[in-house]
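Peer 1: Marked as Mg(2+) 4 binding site by TrEMBL: B:Asp38, B:Ser53, B:Asp84. Residues or ranges marked as Mg(2+) 3 binding site in TrEMBL: B:Asp38, B:Asp84, B:Asp235. Residues or ranges marked as Mg(2+) 1 binding site in TrEMBL: B:Thr54, B:Asp55, B:Asp132. If you look up TrEMBL, you'll see B:Asp55, B:Asp84 marked as Mg(2+) 2 binding site. Per TrEMBL, the feature substrate binding site maps to B:His62, B:Glu288, B:Trp340. Annotation comment: TrEMBL describes B:Tyr114, B:Gly131, B:Asp132, B:Arg158, B:Ser237 as ATP binding site. What TrEMBL lists as Mg(2+) 5 binding site is B:Asp238. Summarising the annotation, TrEMBL assigns domain 'PurM-like N-terminal' to B:36-149. Annotated domain 'PurM-like C-terminal' per TrEMBL: B:207-325, in sequence order.
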Number of protein chains: 2
Amino acid sequence: MSEKRIEISQLGEFGLIDRINRQFTLKNESSLKGIGDDAAVIQASGDECMLVSTDMLVEGIHFDLSYVPIQHLGYKAVAVNVSDIAAMNGKAEQITVSIALSNRFSVEAVDALYQGIKTACENYNVDLVGGDTTSSAAGLVISITVLGRAPKSKIVYRKGAQVNDIICVTGDLGAAFMGLQVLEREKQVFMADPGMQPSLEKYEYMVGRQLKPEARTDIVFDLEEAGVKPTSMIDVSDGLVSELFHLSRHSEVGIRIYEDKVPIDHMTFETAVEFKLDPITCALNGGEDYELLFTIRQEDQEKIKKHPDIHMIGYVHDRKNERVMITKQGNTVPLRAQGWDHFTE
Amino acid sequence: MSEKRIEISQLGEFGLIDRINRQFTLKNESSLKGIGDDAAVIQASGDECMLVSTDMLVEGIHFDLSYVPIQHLGYKAVAVNVSDIAAMNGKAEQITVSIALSNRFSVEAVDALYQGIKTACENYNVDLVGGDTTSSAAGLVISITVLGRAPKSKIVYRKGAQVNDIICVTGDLGAAFMGLQVLEREKQVFMADPGMQPSLEKYEYMVGRQLKPEARTDIVFDLEEAGVKPTSMIDVSDGLVSELFHLSRHSEVGIRIYEDKVPIDHMTFETAVEFKLDPITCALNGGEDYELLFTIRQEDQEKIKKHPDIHMIGYVHDRKNERVMITKQGNTVPLRAQGWDHFTE
């Protein structure tokens, strides 16, 4: 390369994606939506659409097999893809799984990986329809593509949030991040003294959220049952604030959330304090929660306000550059995205 | 792992795929065909089907950037996926591209990779609709998933060849393999003396076939125009014999081909001799030709016999374990598959 070489870390992951995306335009009539949402949308015929999303997981970057059981890795790899289809208000139906692996891995390890994939396929009613297996010089790479389905009229994009819409998030936030902190700490303890057995009982909920997250396909079903179509939606993979920024940018609206409405599990809270971390920061920027973040019209509020796992955390306003949180003390502070970027970490 | 550890090399790639495949059954009505053909088939609605295929390319296993220009790698990665859709008698329309790359790669290298991907997308009328970019500890991994389309009634599988059908192959065979031999030799020469400029003019055709293969989407079009639907089809990625075995096994029929009908380009022939290789062995087992191998009914022979790029090389018979070649001397010899297996090489 010449002296003008630009490092990928200078652009970051989103910068690189933007740069790639700018070079491509969609030409086929069937390509309704390309890069830039949780999944691409392809018109199959008439109102029927297929949704496509893909994820690549690299050992040493996305997972550490020294504390991640490989069957959980298989499960998680499927769940996070199914979550992308749920975030479009669609139903996942098929996946392809490609793996590259070095000779460090035995057939038994591959069996365990696919056992996790199979369990996830069964839980989410998804069929494994294809894939590729190859060797690698070092480590494990998993690439999954998921295909989903939705009528065109039901699909929900990141764009679409309107002024005065209510911002909702499911479940609780920050637990997967705290689970990762616990696992990393136990790994250090174990490396210092391999005779030590990790004591994870107390942290079971958070560790489970990190190792075996679930896609919220139940919420897609519940919203349909309640007759609510969100105006915009995204899944929480990089952290709440990062996803709020996506909704804000795509919908060209501002965001206002309330600190005291952000759902945090009590064990997550306590563990954050134990780790000398601010619980709200963990919830806002933790990542890997795979909850659904969406906006609904004011008039739909009644229909879901009794749902035990949907939390209304704020609302949409018209000053598109104003993304703020009202603290418990009543102060207005700007939200700052600290999502994951594997190129610049 | 315990003492019972089984090495993946003991199973080989096909053994591993079979083992995985046995664990999974299709449950969604829309999953018409899963693992085991060039692409999976998903019913979109009514007669309209989507075709899905995926490939993973790993640096050091599938490509060597010391002699493969990275933009050609991008082109080839798309072309080989489009070829899988052509092998189902379908039309590719969308791809997703995921890459993992180390900090050895600059933004300019990524630009060049996507320039090749873009050129292929334009040539094949395919839209890039999604993907993932991430870092890797070492090397480049490319995972592409292609989506195609075909009416259910037009899809051609590996199964379906009938007794007395004529076996056809397009283009010529063995050139991509000889191109690889030339490139490997030049690499050795260059490593011994970096001042040496490689002289590749004479081998241009073969090197081009290796570095920048084309999917035979033109053949799918020509067959449609001629009113011929093949009874079975596959693309030649692992080598002619390996693919003949797939057609034979899936269709439960025997195969008889004629050595003097196997198409070999004259430069491929001469170069094989120069390399002290048997040209017919290169054509039978070379791999990476990405030509189409298919069977047609006897009554369709007239419709395509004047096609300059379709060669009738043999016929289908009823003794399913008999896959033979009639040599130029008139001897009958069993065909032996020597396809690629990255796990056992």
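Glycine is no exception: its Cβ is also placed from the backbone N, Cα and C atoms.
Curation does not apply to TrEMBL; its annotations are automatic.
Keep in mind the model is a prediction, meaning the values are calculated, not measured.
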Peer 1: Of all the binding-site residues given, B:Ser53, B:Ser237, which has the fewest Cβ neighbours within 10 Å once its own Cβ is left out?
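Peer 2: It is B:Ser237 that, of the binding-site residues B:Ser53, B:Ser237, has the fewest other Cβ atoms within 10 Å.
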Peer 1: Of the binding-site residues B:His62, B:Arg158, B:Asp235, B:Glu288, which sits closest to B:Asp55 (Mg(2+) 1 binding site) by Cα distance?
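Peer 2: Closest by Cα distance to B:Asp55 (Mg(2+) 1 binding site) among the binding-site residues B:His62, B:Arg158, B:Asp235, B:Glu288: B:His62.
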Peer 1: Taking the Cα atoms as reference points, how far is B:Thr54 (Mg(2+) 1 binding site) from B:Arg158 (ATP binding site) in Å?
Peer 2: 17
Peer 1: Provide, as an integer number of angstrom, the distance between the C-alpha atoms of B:Tyr114 (ATP binding site) and B:Asp132 (Mg(2+) 1 binding site).
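Peer 2: Here the two Cα atoms lie 13 Å apart.
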Peer 1: Near the Mg(2+) 3 site, what residues other than B:Asp38, B:Asp84, B:Asp235 in the same chain have a C-beta no further than 8 Å from the centroid of the listed C-beta atoms?
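Peer 2: What remains near the Cβ centre is B:Ala39, B:Ser53, B:Ser83, B:Ile85, B:Ala86, B:Ala87, B:Met88, B:Ile234, B:Ser237.
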Peer 1: Out of the binding-site residues listed (B:Ser53, B:Asp84, B:Gly131, B:Asp132, B:Arg158, B:Glu288), which are within 10 Å of B:Asp238 (Mg(2+) 5 binding site), Cα to Cα?
Peer 2: B:Glu288
Peer 1: Whole-number answer please: how many Å between the C-alpha atoms of B:Asp84 (Mg(2+) 4 binding site) and B:Gly131 (ATP binding site)?
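Peer 2: Between the Cα atoms of B:Asp84 (Mg(2+) 4 binding site) and B:Gly131 (ATP binding site), the distance comes to 19 Å.
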Peer 1: With helix taken as DSSP H, G or I, strand as E or B and everything else coil, how many residues of the domain 'PurM-like C-terminal' (B:207-325) land in each class?
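Peer 2: Each residue of the domain 'PurM-like C-terminal' (B:207-325) counted once, the result is 53 helix, 25 strand, 41 coil.
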Peer 1: Counting across all protein chains present, how many other Cβ atoms fall within 10 Å of the Cβ of B:Asp38 (Mg(2+) 4 binding site)?
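Peer 2: The Cβ of B:Asp38 (Mg(2+) 4 binding site) has 26 Cβ neighbours within 10 Å.
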Peer 1: Based on Cα distances to B:Arg158 (ATP binding site), point out the closest of the binding-site residues B:Asp38, B:Ser53, B:Asp132.
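Peer 2: Checking each of B:Asp38, B:Ser53, B:Asp132 against B:Arg158 (ATP binding site), the shortest Cα distance is to B:Asp38.
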Peer 1: For the domain 'PurM-like N-terminal' (B:36-149), DSSP counts of helix, strand and coil?
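Peer 2: Counts, helix then strand then coil: 35 helix, 49 strand, 30 coil.
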Peer 1: With CB distance below 8 Å as the criterion, list the binding-site residues among B:Asp38, B:Ser53, B:Thr54, B:Gly131, B:Asp238, B:Glu288 that sit near chain A.
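Peer 2: Contact set vs A: B:Ser53, B:Thr54, B:Gly131.
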Peer 1: Round to the nearest Å and give the CA-to-CA distance linking B:His62 (substrate binding site) with B:Asp38 (Mg(2+) 4 binding site).
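Peer 2: Roughly 19 Å, rounded to the nearest whole number.
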Peer 1: Among B:Asp38, B:Ser53, B:Gly131, B:Asp132, these being the binding-site residues, pick the one whose CA is nearest to that of B:Asp235 (Mg(2+) 3 binding site).
Peer 2: B:Asp38
